[in-house]
Amino acid sequence: MTRLDDAPVVRGRLTANAPLDKLVWFKSGGAADWLFEPADQDDLLGFLEQIDPVTPVMALGLGSNLIIRDGGVPGVVVRLGKPFSTVEVRRDHVLECGGGASGILVASTARDAGIGGLEFLRGIPGTVGGFVRMNGGAYGREVADVLVDCDVVMPDGAAISVPASDLGFSYRHSRLPDGAIVTAARLRGMPDDPASIGAEMDRIAAAREATQPLRSKTGGSTFKNPAPEVSNGEKAWQLVDRAGCRGLTRGGAQVSEKHTNFLINTGTASSADIEQLGEEVRRRVAEQTGVTLEWEIKRVGRP
């Protein structure tokens with residue numbers, strides 16, 4: 001276990017050997033050596049300044065798109081709670097969003113203010129910090145299309161503001177280094193009618209309900225869609241299906257029957273079951289189609 005030699009002075013909550021399984025969507029995995037839930041950004045900055053700079057630091061949002069391995073996570077997991085979950089309307093159709101704010105909250109606030117272009121966030125499970133880090137997207141839009149800039153706390157405790165143009169966005173990727181924590185972001189939309197925005201959000205919600213296993217313990221989309229020139233235009237789920245993996249199981253983990261790019265915990269799965277099932281799917285897809293799928297879900301911690 002990672003040691004913090006002198007107990008840092010904090011105003012938030014610092015917990016040793018903190019279970020993480022209840023904080024992630026798969027409901028599996030080990031504990032964090034330390035879980036820190038800061039009271040505000042100054043509390044986070046002060047904490048990082050007090051710990052050894054080589055201590056691993058990882059941000060945790062809503063726990064989607066994530067496998068916590070069964071051996072737990074070394075170092076410190078930082079969870080941005082209510083103090084980082086606000087969304088406020090600014091000038092020029094810009095929303096000021098805390099790094100812990102959910103996509104649903106952002107989209108709903110934009111709707112109520114008559115700001116369009118952010119409806120797609122209704123379809124992404126997670127928080128603003130995670131969206132920015134991975135350039136989250138859905139339904140033909142992505143964060144790179146709407147981000148103005150973001151506030152980032154670096155692992156050494158330095159606080160910086162980064163314009164979208166410096167993040168090197170590509171498909172489900174940004175240049176943010178490991179351990180960097182997005183504490184806030186400015187997103188810009190466009191004027192639109194709240195009723196039209198609401199109708200689009202309802203359409204997105206209905207589409208997700210109809211096609212995704214939302215009532216199951218799942219991490220969300222498992223694999224990135226390959227480049228069209230590599231897969232002849234087939235999406236990840238189509239390749240998984242073509243490789244005969246629909247319903248495939250390992251231990252308590254299963255490839256969803258409803259959407260084959262989702263892995264689910266049927267109730268008893270370890271994180272090892274889930275990750276090994278994903279690797280078996282990748283192996284079969286490569287063997288059957290010649291396409292090597294890349295993980296979209298982040299896998300962290302000790303085996």
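For all residues, glycine too, the Cβ spot is worked out from N, Cα and C.
What TrEMBL says about this one:
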DOMAIN    27-192  domain 'FAD-binding PCMH-type'
ACT_SITE  ARG172  active site
REGION    210-231  region 'Disordered'
COMPBIAS  213-224  compositional bias 'Polar residues'
ACT_SITE  SER221  active site, proton donor
ACT_SITE  GLU296  active site
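Spacing of ARG172 (active site) relative to GLU296 (active site) is 8 Å (Cα to Cα, whole number). Counting every protein chain shown, the number of other Cβ atoms lying within 10 Å of the Cβ of SER221 (active site, proton donor) is 23.
In sequence order, ASN65, MET134, ARG172, GLY220, SER221, THR222, PHE223, LYS224 make up the list of same-chain residues 6 or more apart from GLU296 (active site) whose Cβ falls under 8 Å from its Cβ. Residue counts of the region 'Disordered' (210-231) by helix, strand and coil are 6 helix, 6 strand, 10 coil (DSSP-based).
Just so you know, the Cβ of ARG172 (active site) picks up 17 other Cβ atoms within 10 Å once every protein chain is counted.
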